[in-house]
C-alpha cells in the first residue's frame with residue numbers, strides 16, 4: 001500500500017475557536033471545522049478516483065493517512081516527522097499487503113509558517129511535500145526547500161497581480177495591512193520591492209495586524225486608515241485578523257474605502273455579515289482558482305461513520321457526524337444517540353456546496369500530481385531512465401529524491417482544463433480569479449467573478465477584468481480616485497515633497513524648451529516646447545526668404561538692376577555707331593554691362609533656403625562676376641591713360657600694348673585668377689549649409705558657412721586689390737579732357753564701390769543669420785547700381801536726351 005499524508009486546513013477538526021459578534025458582544029463557542037473536514041474528504045475522494053482509473057497506476061493501489069494539525073505548529077510538525085520517519089500509528093493493511101507502507105509524499109500544510117517548519121526538515125530527506133494553501137514567497141528557495149511543491153501560486157505572483165489591478169484602475173496611493181507572520185511579513189517586503197520597481201504607485205502606510213487581536217493596536221491602525229488620504233486599502237491577512245479589524249472599523253465608522261482582499265480571506269463567509277457588509281460591500285479580491293470536481297458531492301453524500309477502517313478517518317467522520325446531527329455515538333437508548341443513518345443532506349449547506357471549490361481544487365491537483373509522477377516513474381524503461389547509466393527507480397527500493405525528480409517534471413491537464421506543471425522552484429503556473437463582493441437588497445451576499453489574472457509560458461502575465469460586472473460601494477458606482485497628488489497639468493514638472501513618497505509632489509512650471517514628464521525633459525534639437533509646455537513642436541526656421549518683405553525687396557532690386565543693365569546694353573548696341581559709344585571702348589562697355597547683369601543676378605543665390613549647391617555657387621559667382629566687372633573698368637582706365645599718353649610726342653608706341661586682343665586677354669587673365677581662387681577654395685574647404693541654433697533657442701537659422709575663412713578673405717582681397725588699383729589710375733587721369741575720357745566717372749564709381757565694400761566687412765561680421773546674407777546682397781546691389789549709374793548714366797543721358805552732344809565735333813571739342 002502506498003501512503004500519502006495530509007495536514008488538515010485551518011486548525012483542529014474539533015474544538016476550534018472562532019470569535020463572532022452577537023448583539024454587539026464578542027463571545028466564544030466551540031465549532032467543528034466543516035470546510036477543513038471537506039478538504040480532508042477531497043483528498044480521500046481523489047485517492048479513490050485514482051484507484052478506480054484503469055489508465056492511471058494500473059495494478060497499484062494508493063492509500064492515505066490523515067493527520068490533524070489542530071491549528072498548532074507542533075502538532076502539524078510532529079505529524080510530518082512521523083510520516084517521514086515511518087513512526088506513524090499502525091493501521092490495517094488491506095489486500096494481504098505486508099510490511100510498512102512507504103510514504104510517497106505529504107499533501108499540506110495549509111499555513112505558510114507551519115509549512116516552512118515541516119518543509120525545512122522534510123527537505124533534508126528529500127521527501128516531497130505538496131502544499132495546497134501555503135503561499136509564502138520564501139518557499140520558492142530551492143536550496144532551503146529542495147523537495148517542496150505547491151498547487152497554489154506564491155505570494156510573489158499575488159503581489160504582482162495586485163499591482164496590476166492597481167495599475168488598471170490608476171490607484172497610485174494605497175494602504176497595506178499584513179498579518180504578523182511569515183505570510184504577511186514576506187508579502188510586505190515583496191510589495192514594497194515590486195511596487196518601487198514597477199513605479200506604479202506608493203504605500204500611504206504599512207501596518208502589521210496584531211496576532212492576538214490587541215484592541216488598542218487595532219484602534220490605532222484604524223485611526224491611521226481613517227486619517228489617511230488613501231481611498232484604497234489592501235489587506236493580506238487571515239480571516240481571524242480581519243474579524244478583529246472590522247469590529248474596530250464598525251466602531252469608528254470608517255467608510256469610503258475600497259477594500260482589496262488577498263486570497264486568505266477573499267472567499268470567507270464569516271465577514272459577509274449585516275454588520276460588516278456596509279463597509280466591505282464592493283470589495284475586490286484575489287481568489288484561488290475555482291475548479292469543478294465531478295463526483296465529489298456524491299462521494300460526500302455516501303460518507304458514513306462506520307465505513308472506514310482507517311482510525312484517523314473514522315474518528316474524523318464520527319466527530320463530523322456528532323457535530324452535524326447534535327448526537328452522540330455510544331449513547332444507546334437516549335434521544336441524543338447517533339444511529340449513523342441520519343440524512344446527510346440535512347447538514348450545513350456549506351459542506352455540500354460545490355459551487356466554490358477553491359482549496360479543494362488545489363488538494364485535488366496535489367494528489368493527482370503525486371499520482372502522475374508515480375505513473376511516469378513506473379513507465380520508465382531500463383537503459384532509458386533519468387538516473388546514472390540510464391537506470392530507473394525501483395518501486396520496492398524507492399528513494400525519496402528519485403520521486404522528487406519525477407514530481408519536478410510532471411505535466412498533466414485536469415478534467416477542468418487546467419494544465420498542472422511545476423517550475424524550477426516547485427511553483428505551478430499561477431492563475432487567480434478576481435472576485436467582487438456584492439450585497440444584495442434582500443440581505444444576501446453575492447460573490448461575483450469579475451476577471452482573472454494568470455501567467456502563461458507564451459504570453460507572460462495577463463490581467464482580464466470585466467468592469468461592467470463590478471459593483472462599487474460609492475455613490476457614483478464608479479472606481480474611487482486614490483492618488484497622493486494630482487497629475488501635473490501640461491507644461492509643469494513634478495517636484496517631490498521632502499520626506500514624502502515619490503507619489504507626493506508639487507507641480508513646477510517647466511522652463512522654455514522643455515516639456516513635462518516625471519521631470520521636465522528637453523525637446524530634441526530641431527524642436528521647441530509649445531506655449532503650454534505640453535509637447536514639442538518643430539522650431540521656426542529662419543533664412544532670407546523670397547516670401548518675406550526684406551527678401552521681396554532685395555529680389556525686386558536685383559531684377560530691376562538686371563533689367564536696367566539689359567536696357568542699357570540694348571541702348572548701347574542700338575547706338576553702337578555713335579561717337580559716345582565708340583569713344584569709350586564699346587567692346588569693353590558691352591562686356592562691363594554683361595558682368596553687371598551677372599552681378600545683379602548672383603545676388604539671387606543669397607535668397608532662399610541654403611542648399612549645398614547654392615552655398616558653393618553663391619560666393620564663386622559673386623567673386624568671378626565682380627572681378628570680371630572691375631577688370632573691365634581697370635582695362636578701360638588703362639586704355640584712357642594710354643590714349644592720352646600716345647597723343648603726346650613720342651608716346652605712340654604705348655598703344656601697341658593696348659590693342660583689342662590685349663584688352664580681352666588682360667580681362668580674361670585677371671578673371672582666371674579669381675576663378676582659380678574659387679576652385680581651390682571649393683576643393684579644400686567648400687562652403688556648406690548649416691543649421692545654427694546658437695542665435696535663437698526657439699529658432700533654427702539656416703545659413704551658409706564659408707568653410708575656409710582664408711579662401712573667402714582671399715576672394716574679397718583680390719576684388720579689393722583690383723578696385724583700388726582702378727581707383728588710383730582713374731584718379732590720376734581725372735584732369736584729362738572731359739569730353740574724351742571717363743576718368744572722372746570711373747573715379748566716382750570706384751569711390752562708391754570701395755566705400756560700400758569697406759562698410760560691408762564689419763556689417764557682415766556683426767549681422768546674425770539671415771541679416772548677414774541681406775547685408776551681402778545689399779552690398780552687391782549697391783555697388784552694382786553705383787557702377788551702373790556712375791559709368792553709364794551720363795552716357796545714356798547724352799544718347800537719349802542730348803543727341804546734339806553725341807557728335808564727333810562735340811566729343812573732340814575741348
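Note: Cβ is positioned from N, Cα and C throughout, glycine not excepted.
Fair warning: this is a prediction, and the values are worked out from it, not measured in the lab.
Residues or ranges marked as domain 'G-protein coupled receptors family 3 profile' in TrEMBL: 550-814.
Residues or ranges marked as transmembrane segment in TrEMBL: 549-573 (among others).
Annotated transmembrane segment per TrEMBL: 588-608 (among others), in sequence order. With a threshold of 8 Å between CB atoms, the same-chain residues lying at least 6 positions outside the transmembrane segment (588-608) that come near it are 543-546, 551, 554-555, 558-559, 561-562, 565-566, 568-569, 572-573, 581, 614, 617-618, 621-622, 625-626, 628-629, 632-633, 635-636, 639, 663, 667, 773, 776-777, 780-781, 783-784, 787-788, 791-792.
Annotation source TrEMBL lists transmembrane segment at 620-644 (among others).
Within its own chain, the transmembrane segment (665-683) is flanked in space by residues 588, 591, 616, 619-620, 623-624, 627-628, 631-632, 634-635, 638, 707-708, 711-712, 714-715, 718-719, 722, which lie at least six positions past its ends and keep a Cβ under 8 Å from the stretch. Taken from TrEMBL, the feature transmembrane segment applies to 665-683 (among others).
Nonlocal intrachain contacts for the transmembrane segment (710-733), taken as residues 6+ away from its ends with a CB within less than 8 angstroms of a stretch CB, comprise 619, 623, 626-627, 630-631, 633-634, 637-638, 640-641, 644, 670, 673-674, 677-678, 680-681, 684-685, 741, 743-744, 746-747, 750-751, 753-754, 757, 761. Residues or ranges marked as transmembrane segment by TrEMBL: 710-733 (among others).
According to TrEMBL, the transmembrane segment annotation covers 745-765 (among others).
Annotation comment: TrEMBL describes 777-800 (among others) as transmembrane segment.
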By a Cβ-Cβ criterion of under 8 Å, what residues six or more beyond either terminus of the transmembrane segment (777-800) are in contact with it?
544, 554, 557-558, 561, 564-565, 568, 571-572, 575, 578, 580-581, 584, 589, 592-593, 596, 599-600, 602-603, 606-607, 622, 626, 629, 633, 742, 745-746, 748-749, 752-753, 756-757, 759-760, 763-764, 806
Give the mean pLDDT for the domain 'G-protein coupled receptors family 3 profile' (550-814) on the 0 to 100 scale.
80
